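Residues annotated as domain 'Anoctamin dimerisation' in TrEMBL: 61-284. Look at TrEMBL and you will find 287-870 tagged as domain 'Anoctamin transmembrane'. Summarising the annotation, TrEMBL assigns transmembrane segment to 298-325, 376-396, 459-486, 506-527, 554-572, 670-693, 727-747, 825-846.
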Amino acid sequence: MKKMSRNVLLQMEEEDDDDDGDIVLENLGQTIIPDLGSLESQHDFRTPEFEEFNGKSDSLFFNDGQRRIDFVLVYEDESRKETSKKGTNEKQRRKRQAYESNLICHGLQLEATRSVLDDKLVFVKVHAPWEVLCTYAEIMHIKLPLKPNDLKNRSSAFGTLNWFTKVLSVDESIIKPEQEFFTAPFEKNRMNDFYIVDRDAFFNPATRSRIVYFILSRVKYQLINNVSKFGINRLVNSGIYKAAFPLHDCKFRRQSEDPSCPNERYLLYREWAHPRSIYKKQPLDLIRKYYGEKIGIYFAWLGYYTQMLLLAAVVGVACFLYGYLNQDNCTWSKEVCHPDIGGKIIMCPQCDRLCPFWKLNITCESSKKLCIFDSFGTLVFAVFMGVWVTLFLEFWKRRQAELEYEWDTVELQQEEQARPEYEARCTHVVINEITQEEERIPFTAWGKCIRITLCASAVFFWILLIIASVIGIIVYRLSVFIVFSAKLPKNINGTDPIQKYLTPQTATSITASIISFIIIMILNTIYEKVAIMITNFELPRTQTDYENSLTMKMFLFQFVNYYSSCFYIAFFKGKFVGYPGDPVYWLGKYRNEECDPGGCLLELTTQLTIIMGGKAIWNNIQEVLLPWIMNLIGRFHRVSGSEKITPRWEQDYHLQPMGKLGLFYEYLEMIIQFGFVTLFVASFPLAPLLALVNNILEIRVDAWKLTTQFRRLVPEKAQDIGAWQPIMQGIAILAVVTNAMIIAFTSDMIPRLVYYWSFSVPPYGDHTSYTMEGYINNTLSTFKVADFKNKSKGNPYSELGNHTTCRYRDFRYPPGHPQEYKHNIYYWHVIAAKLAFIIVMEHVIYSVKFFISYAIPDVSKRTKSKIQREKYLTQKLLHENHLKDMTKNMGVIAERMIEAVDNNLRPKLE
């Protein structure tokens, strides 16, 4: 990299960090300061004739047709603005000119061209010559080809599956497989060791763009109080440039007219993003080549996750069908719906004063639905998902290791450079403990502790804010339940169509779920900006550290935001309600909610369905409709038919920017879905099926979005999926506990099993054989109406007539018993069975998970052998070439020494 003395900087001579002072250009040492007034001519600035672009709209080169465009910068010419502030515009112009001058000093070549449609827009095309590419490839430790590699032959399908995999695979005659190479970090002094057949093709377009972006991000343009300002990102954010991006190689609907163009964008759209390719495998190698490893690893992970969901969806549907087909055999549901059983059981009011007494059979429809989800199949599916998630994570590690080898990212962590924002703050000098050399860091250990404390406090505050919103939703549920109980139709014979389906519990659950979803999305939008500000303040060193830090903050927030309402319904609602004569009050005012007689499992299913469905719809609106509408509006405002004559850079400029965190939000969306699929799957076995359908569409929607609606992203390296891997592992461990507790405490499976095996037969039951008959009557306790307190007393003289007792959901002794209203022996049997079930289920699943993790290595033996083999051959190749060079040099030196000795001895002999 050039020294600082070669930079052109704008020195601001004022104390405040603003632009109110005078701008002074200083000559720093041997600085080459161009004539700012004639800078446009240095850029070969000219307005091309209209005919120059006719038929050449996909040109990827400078006007000379030789130098490739590696990056494009866009700005608005201040002199042609209709309304402009001269002082501000002049300062922006001089900053931009200083920045572009420094780009030239760093070896980049620039060419500016005015827009065909809007002459205020100027496009600065950037080209990196061969020497610049070689220099920065060595600085960035970019791995480049040494020689063709015949070790990376991938195993093909075998036997009768060949025809099937051929149908699903991408046609190799259209997207040809990439040639594989031995690679090594590039070094200029070993250039002859590398496989350079054609200089123009040695650095592919993605690598060229990555190198140029590395330079653009580090070139300085201004000094304020000895603090440097630098980087294209800061210039874009401040409005000095309107955009900066690499070019797509062609239109997505048709191939380029340039025969040398690889048409990779067109191929990706045709074989990846087009709806007709929805059943095909993804062309991951081409995705990686065009967009970089970071995008490639995301789609590889999403595709693998979707494949694994297929198995989970099949088992989930089977368990759902098992419950659906056996719902008619559900004895306890029949008892609820039976007019002589459920129709004669009078239930106690579920709120104070306004709530009436009600008959059990009004919950007939919900009990039938509950039979579908609260069945033996649910238990089997919960155990299966505990094993499935471990298999998914372990096999993904193996697949990820294969991609690391195939994409040459095995030792990527050693190559990563510090972020320019981090480098700019490195003002403290310390001694490195390893090298014992001086190095600069941005702050001391004490300063780092202060920053971490402040960041953790900010995150904790926002989590408390979410908890407060959840409490608000709970208060809403408690309040509105009273309203629905008083306002909904009172025809309680179980035949009214409204009362049949819209019970107070159902109405409260649906409205609360919708309001909860709206609050979740609002808090999510606000916190995204706050999390970015917190992470910027924390100042991580590398881009990977930055993304991992932001990932943990965002996921912690999203975890509480999305899952808190589900945790409340699953583990808190209806668990601490007391009994009708002594109810428990929330905040001393609101009576705690009760579940339906069948439990809160159906309500949890409703909550999951609304949040998962609403989130999928909202994400599709954001990801598809908004970019499409914005691009449609942009095309409408441009001249009709102009796309045929506008150059490639101008077509790409009118596409939508992806943003640096665009991929982060894609990961976050899928990880939140992964949590819904695993954490609460015991309540909703169809969740994997919904996730499967969503992901099949998500892959193609993301592909369509990248190839058609967004500018080309700057290619980035990535070794793995980063912090998302340990997050998924944490979710997998937690999922075992949550599903065991859902089956034990949210569903009614354990009480039914206890009744069947212990309380349906003597000494506790009256039946001669094991049966579920009498379960409902046995699990509903009796309360004497006269024992109501005035505060909680309902209206006994309603349509149901006068009665002296009512029933409620609990296991307590009846009135008149020596221990009336205290928990009976059935309760303690159930509690013991629930705890035993949780312990047994957790230990069994954790044991299986541990065995699977131990039995399946993270890197397959075949991949490990390939990595070691390639490393050995690469070192051998470099060593042999080095020995050849040494032998050659020593031979030359020996010849010269012999010649010198001969020249010295010859006169003496004569």
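Glycine residues also receive a Cβ, built from the backbone N, Cα and C atoms like all the rest.
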Legend entry - Cβ pairs under 8 Å between the transmembrane segment (670-693) and the transmembrane segment (376-396), at least three: yes
Inset, instruction - Rank 298-325, 554-572, 825-846 by Cβ pairs under 8 Å to the transmembrane segment (376-396) and hand me the top one. - result: 298-325
Legend entry - Residue numbers, six or more beyond the limits of the transmembrane segment (298-325), whose CB comes under 8 Å of its CB atoms: 281-282, 284, 287, 371-378, 380-381, 384-385, 388, 391-392, 395-396, 399-400, 403, 663, 666-667, 670, 674, 677, 681, 685-689, 691-692, 695-696, 698-699, 702-703, 721
Inset, instruction - Over the domain 'Anoctamin dimerisation' (61-284), work out the mean pLDDT and round it to an integer. - result: 84
